[in-house]
C-alpha cells in the first residue's frame with residue numbers, strides 16, 4: 001500500500017497523533033514569546049533631559065542628565081538606548097529576523113537530508129540555551145548576539161515543527177494542523193502581552209518566557225521521526241515501524257502493514273537529494289518558488305510591520321500586544337472554512353485575503369488622525385492584521401502541499417528565507433513617515449495587493465493527491481507551469497539533435 005492508504009489503516013488523526021501534534025503546536029507559544037520579546041523588553045519610556053547647561057555633547061553626559069519619567073525596566077533604561085543610541089533597539093529586532101533567515105536556509109535542507117526529528121530537537125535545545133543568555137546578558141553587545149542566535153534556532157525549528165505537524169497525520173488533516181499551529185502562535189503573542197503586564201523587570205520577563213521551552217523540549221524527546229520523510233528517503237522498513245507504533249498507540253491492528261517498496265526515484269536519487277538546487281532546475285518548482293517567495297515576503301512585511309508597531313499605538317503597550325495577537329484568532333476559523341470549499345480552495349482564499357489586507361491598509365490613508373474609535377487608523381490596521389494573518393496561515397498550508405515530500409522542507413526553507421527578508425525590513429518601514437504619514441501603509445497596501453494577484457498563478461491543491469517525488473509534479477500543473485515543462489522538453493530535444 002502507499003502512504004495515504006497506510007494512514008487510513010493506522011488512523012489519519014488518532015489519539016497518538018493528537019498528542020504528538022499538541023506538543024508541536026504548543027511549542028509555537030514559546031516561539032511566539034521569543035519573536036515578540038523585543039516589543040516589551042525594548043520599550044522606550046517617557047524621559048526628559050536636563051538642558052540647563054546646554055545640549056549633552058557625549059553619551060556619558062547624556063546618561064547623567066536623562067531622567068526616565070515612566071516606571072519601566074527595559075534594555076533602554078538599563079543601557080540608555082535613547083537619542084543617537086535608539087537605533088540599537090530596532091537593530092536587535094532585525095538581528096533576530098536575520099537569524100530566522102539564516103535558520104531557514106540552513107535547517108530546511110538539513111532536515112530534508114538527515115531527518116526532521118534530530119534537527120528539531122537540536123534546534124529547540126540550543127534556542128533555550130541562547131534564550132537564557134539573553135536574560136543574563138551583561139551588555140548590549142551580548143544581548144544583540146544572543147538575539148541573533150535565538151533567531152537562528154527559532155527560524156529552523158519553526159519550519160521543521162510545522163512540517164512535522166503535517167507529516168504525522170493524513171493529508172485530509174493538513175489544513176487543520178497548519179491552522180492550529182498558526183492559532184497557537186497568535187495565542188502566544190497574547191499570552192506574552194499578559195506575561196509582560198505581570199512581570200515588569202525585563203530580565204525576569206525574558207527568563208520566564210524562555211523557561212516554557214524547557215518543558216516543551218522534554219515533551220518532544222519521545223516524538224518519532226516523520227514516516228513520510230523516511231518513506232521518501234527509501235527507508236521503508238523504518239517508516240513501517242513508525243506507522244505500526246502509531247497504530248498500536250491508536251488502538252488499531254496493523255501487524256500486516258506493508259508499504260510499497262520505492263525505486264530510485266523515491267529512494268533518494270541524486271536528483272531528489274539535490275534539495276534547493278531542484279527548486280531552480282525543475283521548471284514547475286522554479287515558477288512556484290518565485291511566486292511563493294514574493295507571497296511570503298509580502299505576508300511577513302505586512303504582518304510584522306503591523307505587529308511590531310503595537311507598542312507605538314496609544315494606550316497600554318501590554319494591552320496592545322495582546323490585542324494584536326487576539327485579533328488573529330477569528331482569521332483561522334475563516335481559513336478552515338474557505339480553504340476546504342470547492343468554490344474557494346487554497347489559491348483563491350489566499351489571494352483574496354492578501355488583497356483585503358492591502359485594501360484595509362489603503363483605507364487608513366483616507367482616515368483623519370483624530371477620528372472616532374470605530375473608523376480609526378488603528379481599527380483598519382487591526383482589520384489588515386486579521387486579513388494578512390489569514391493569508392499567512394493559508395500560505396503555510398498551501399506551500400507544503402505545492403512541494404513534493406523530497407524537497408518540501410527545502411521549499412519551505414527558501415520561502416521562509418524570503419519571508420524573513422520582509423521581517424528584517426518591517427521594523428524600518430514606520431520610519432518612512434518622515435516622507436509622508438501614509439507612506440508605511442502605502443507600502444503595506446501595494447505589497448498585499450501585488451502578492452494577492454501573483455498568487456492566482458499557482459495551481460489549486462484542494463482534493464488533489466500529494467506529490468511524493470519530482471516526477472509526480474507534471475500532472476498537478478497549471479497552464480503556465482505546463483508551458484514551462486513543454487519549453488524544457490523542447491529545449492532538451494533540440495539539444496539532442
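Using N, Cα and C of the backbone, Cβ positions are placed for all residues, glycine too.
Whatever TrEMBL says is automated annotation, not expert-curated.
The range from 62-84, 177-199 that TrEMBL describes as transmembrane segment is residues 177-199. The stretches the transmembrane segment (318-339) and the transmembrane segment (21-41) are in mutual contact, each linked to the other by at least three Cβ pairs under 8 Å (pairs 6 or more apart in sequence). Fewer than three CB pairs closer than 8 A are found between the transmembrane segment (21-41) and the transmembrane segment (374-398), and contact between the two stretches is not assigned (pairs 6 or more residues apart).
For the transmembrane segment (144-165), the partner stretch with the most Cβ pairs below 8 Å, chosen from 89-107, 119-138, 177-199, 287-306, 374-398, is 89-107. Residues 21, 24-26, 28-33, 35-37, 40, 161-162, 165-166, 168-169, 205, 208-209, 307, 316-326, 328-329, 332, 335-336, 389, 392-393, 396-397, 400 of the same chain lie 6 or more positions beyond the ends of the transmembrane segment (177-199) yet place their CB under 8 Å from a CB of it.
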